[in-house]
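What follows is one structure encoded as structure tokens, with my remarks underneath.
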Amino acid sequence: MNKEKRTLIFQRFSQENPSPKTELEYSNPFELLIAVILSAQATDVSVNKATRKLYPVANTPEAIYALGVEGLKPYIKTIGLFNSKAENVIKTCKALVEQHNSTIPETREALEALPGVGRKTANVVLNTAFGQPTMAVDTHIFRVSNRTKIAPGKTVLEVEKKLLKFVPKEFLIDAHHWLILHGRYTCLARKPRCGSCIIEDLCEYKDKVE
Ligand code: SF4
């Protein structure tokens, strides 16, 4: 795909949705970090249901750490993999209190050192909480990048690096949200809605569905 097409694609995303947001509910970087840890292999809807009950009771590293693993589980038990997530969230809160003065670190290295935080989670926090032009490639972004040929790649990391290189600079901050939303609601895994896709004429997918 050439540069002009990529620019046109992101111009259309931008016109349609000038301020794209994550669908996870949060009011500060700590709440976002915990929501992203909880969202691994789970839907944002299920995470929001849990955090709507949890955050009014505990929304600081100290408060969640004080709940302990067993105290946290009842709030998150409807989310997949809640046992291991409860362990990781408590360990992460402990590390934040003891090593980071209860603040959220703003570097990839420090974020990835937290239990339950991998490259994708660090990318989401750096982008969404701190405005850094990172690209958290999830299953939706991976699919859309490959189908459209915006940034084709065999691995998540390859797609991430290509997106960082090819997405026009002015769209880098928001690209991750536009691509997720496009994959979630239009470029669906089984049956993409090409007939109602705003970038259909620019997309280079060979098996478009009408
Ligand atoms: S035209 Fe179809 S395959 Fe291409 S981005 Fe749109 S929905 Fe996805």
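Backbone N, Cα and C define each Cβ position, glycine as well.
Lifted from TrEMBL, the feature list:
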BINDING   Cys187, Cys194, Cys197, Cys203  [4Fe-4S] cluster binding site
DOMAIN    38-185  domain 'HhH-GPD'
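Distribution of TrEMBL features across the structure.
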residue : record                        : DSSP class
Cys187  : [4Fe-4S] cluster binding site : coil
Cys194  : [4Fe-4S] cluster binding site : helix
Cys203  : [4Fe-4S] cluster binding site : coil
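The Cβ of Cys187 ([4Fe-4S] cluster binding site) has 22 other Cβ atoms within 10 Å, all protein chains considered.
The Cβ of Cys203 ([4Fe-4S] cluster binding site) lies under 8 Å from the Cβ of Ile9, Arg147, Thr148, Lys149, Cys194, Cys197, each on the same chain and at least six residues away in sequence. Surrounding the centroid of the Cβ atoms of Cys187, Cys194, Cys197, Cys203, where the record places [4Fe-4S] cluster, the chain contributes additional residues within 8 Å, namely Arg147, Thr148, Thr186, Pro192, Arg193, Ile199, Glu200, Tyr205, Lys208. Within 10 Å of the C-beta of Cys197 ([4Fe-4S] cluster binding site) we count 19 further C-beta atoms, all protein chains included. Confidence across the domain 'HhH-GPD' (38-185), taken as the mean pLDDT and rounded to a whole number, stands at 95.
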